[in-house]
Amino acid sequence: MIGIKRSHELILLLFFSGLIIIMSLLSPSFLTIDNLLSVTQQMSEFGILALGVTVIIITSGIDLSVGSIAGLTTIVIAMSYGWSGSLVAAILLGILAGALCGAFNGVLIAKIGVPPILVTLGTMTFFNGIALVLSKGNAISDLPEEFYFVGQGYLFGNVPVQTLIFLVLAILTSLLLSKTPWGRRVYAVGNNSVAAVFSGVQVDKVLLYVYIFAGIMSAISGWIISSRVSTARADLGAVYVMQSIAATVLGGTNIAGGSGTIFGTVIGVSVFAVLANGLNLIGVSPFAQNLLMGLALIVVLLINNVSIIKRKIAIFIKLNFN
Amino acid sequence: MTSDYIVQLKHVSKTFSGIKALDDVSLDIKRGEVHALVGENGAGKSTLIKVLSGVHFPDDGAEIYINNEKVIIRNPMDAIRKGISVIYQDISLFPNLTVAENICIGNDEVWKRKLNWSQIQQLAECAIAKVGAAIDPYMMLKDLNLASQQIVAIARAISFNASLIIMDEPTSTLSSGEVENLYQIIDNLRKNNIAVLFISHKFDEIYHVATRVTILRDGKFIAAHDIQDVDRPELIRLMVGRDVEYISMNAEKIWDEEVLKVNHLSKKGNFRDISFTLRKGEIIGITGLVGSGRSELAKAIFGLNKPDSGEIILNGSAVTIASSNDAVQYGIGYVPENRQLEGLIGKSSVCQNITLSILNSLCNSYKCVDVTKERQLAQEYIEKLDVRPTELDKLVGQLSGGNQQKVVLAKWLVTNPKILIMDEPTSGVDIGAKIEIHKVLRQLANNGIGVIVISSELPEILAVSDKILIMRQGSIVSVIDKNLATQEAILAKALGA
Ligand SMILES: Nc1ncnc2c1ncn2[C@@H]1O[C@H](COP(=O)(O)OP(=O)(O)OP(=O)(O)O)[C@@H](O)[C@H]1O
Ligand SMILES: [Mg+2]
């Protein structure tokens, strides 16, 4: 269904397997079902953000505002629950808010033509500002017991609910990208938007939906985060922005657009989660953790460009030993 | 005398994922000669140039000699330092730098001798003067037209002391005046003892400027001759392996039905008061100099260039075509002039390029693209148009120029258009494939499509059209019936004589 089409994904998969082997050798508690399930729990929130980010990067765009949208969503959910008393309505409103934020980005980018990095740099602060104004900068924690289910609950025994949500959304996004006309157009726009226009593709519409999609993913992520920490706060989600971009690129999505898969992104996200979890178990200090995660990112990106490196080596050998 | 040769390639092979694009090719270029490299689409011309300029690394066994010295070319910069510069079709300079900066960037002299800005300007001016052109070195590159940008690229090559300048289809984006100018420049280069290697599908051009010619076919070296030793039919035979020439085909039937009527269409600075009718089954040829407003008119009909006034009438009713998507819905197809930039999604497969415009109609009941149906359709059309290789999953960017053009054509044919507009449909297409494309056009017309062909190549216009519109400075200056038209008459009208 998802299919490993590109050699990069294979390399990443090997790297990931190696990582798992090393971690389980170093820490006996790593390779247990409970621990692995908790890894998936930890990765779901930023994994869902990364799904939206992946689709955007494929169009050769970028979205720095996903974290702020997540934060704003938490506030909208909490406050509208306060007014209405209905949790379902509150969550729907929260997701609607995320979609609107995405649409706002999309209109500026697709219809007016402002570069995505500028738009979302602005809206990153702007959406966060709305959340701060609405909440007056406070954390809101009067949320009902039922609300905690998606962030803290389990299904089928001990499978975290958010893991299941992430899985479903990942499969859905993957199907959208690989099977639907919209997905085809997303790749076409990212590859060559001029040629897409000349082929009758409504590029502005494609882009608008891409940013709305990312807005909705951010909202769902925000919903899960606030459910896990039992709080709504404007800055929830902010830490995940760069991480979700990094995981996407690690997963093989071309930062210049045109190629990338959800499968790759899921592995990219898993690599980050396994590293964080494993290093914790081994007892590596949080400071050294950052160092190692950055290093891993660089190593994989180097491997990704292995053909260029190989060519350089071949030429070097020819010049010096022939 | 061996020292005559500035560049010699021997036993050059290049394999792309198992397929030999070049197979034991050799190429000798003498100092100061103008050498033409010819061959069908996919013969390996561009690949050979890329090997010589350090873009591709050849397979083992290849030998490259520069000034009789065996060398290895590591990368494009290395090639430039060794005296080999390439003028690519898409120019590849820096649009936001000045002419002088473009000429001097990467030049070691500038660093070694710590040149200041005014010395850099001088260096640039000197190089431009050597080309025999006049361009203000302070201008931003992006403010120059393509022809002048090409001259800047040549000047840049000269400032690197190039002894060989390679041009890949240099005239395909030039107007006829600009082409004359380029001939002049090539002549100048030769006088300065700089050799020129150029790729071209245009025989007039080859016989006009080249002194020698090397022929490739299917990645193999076929022959090298002094140009006066091969006549045109012989050259074509060497390229294609058989005889070919343009065939003028008449319409089987032109219906009375008007598929497209354009009434007094104007757009300031583009075209003025354009009126014509296109009937079902008819092929209209539009010709004129580059810049006479032909492409702008085509884009207006395709919804990508909003006209100021006038109307477009499709099948009897006036319509507004506000976007390319509208145009596709109305059954209009448009094969653009610049296929790399406007026609193709280079990093996507042949199959996905062909179906890009009709994805919605390929959907199954789950709103997903029905891949089996998609591939069948694409397969049918690449066979019909003889796209080579017949691999649906090959990336379009890896096809040779002519085959890329066929893919663009296929993309529109699958939409079942009522009107097909083709802007320079055979630019960069070899002679054999050109005639095939002409045949396809006639077949389409016979099946009831109205076709508009825009072309600067008069023999082509004469061979394919039923009616010829000649444009000059944004207006239609003449409409000639095919049977009454001659090249001389058309040219005179286009030039305004
Ligand atoms: N990067 C690549 N990867 C795979 N195959 C390639 C690549 N570049 C070229 N080829 C293949 O090599 C062959 C020669 O291509 P090339 O572009 O050199 O032809 P050409 O003679 O320049 O044709 P044209 O006149 O159409 O430009 C073609 O079959 C093409 O598909
Ligand atoms: Mg070529």
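Including glycine, each Cβ sits where the backbone N, Cα and C put it.
Note on TrEMBL: of A:79-97, A:117-135, the range annotated with the feature transmembrane segment is A:117-135. In this chain, the transmembrane segment (A:206-225) lies close to the transmembrane segment (A:39-57): three or more C-beta pairs between them fall below 8 angstroms, excluding pairs fewer than 6 positions apart. Counted as Cβ pairs under 8 Å, contacts with the transmembrane segment (A:39-57) are highest for A:155-177 among A:12-33, A:155-177, A:291-309. Long-range neighbours of the transmembrane segment (A:291-309) within the same chain, counting only residues 6 or more positions beyond its ends whose Cβ lies under 8 Å from a Cβ of the stretch, are 8, 11-12, 15, 246, 249-250, 252, 271-272, 275-276, 279, 284. Listed by sequence, the residues of this chain that lie at least six past the ends of the transmembrane segment (A:155-177) yet keep a Cβ under 8 A from its Cβ atoms are 1-2, 33-34, 37-38, 40-41, 43-45, 47-48, 51, 54-55, 58, 149, 183, 186-187, 217, 220, 224, 228, 261-263, 265-266.
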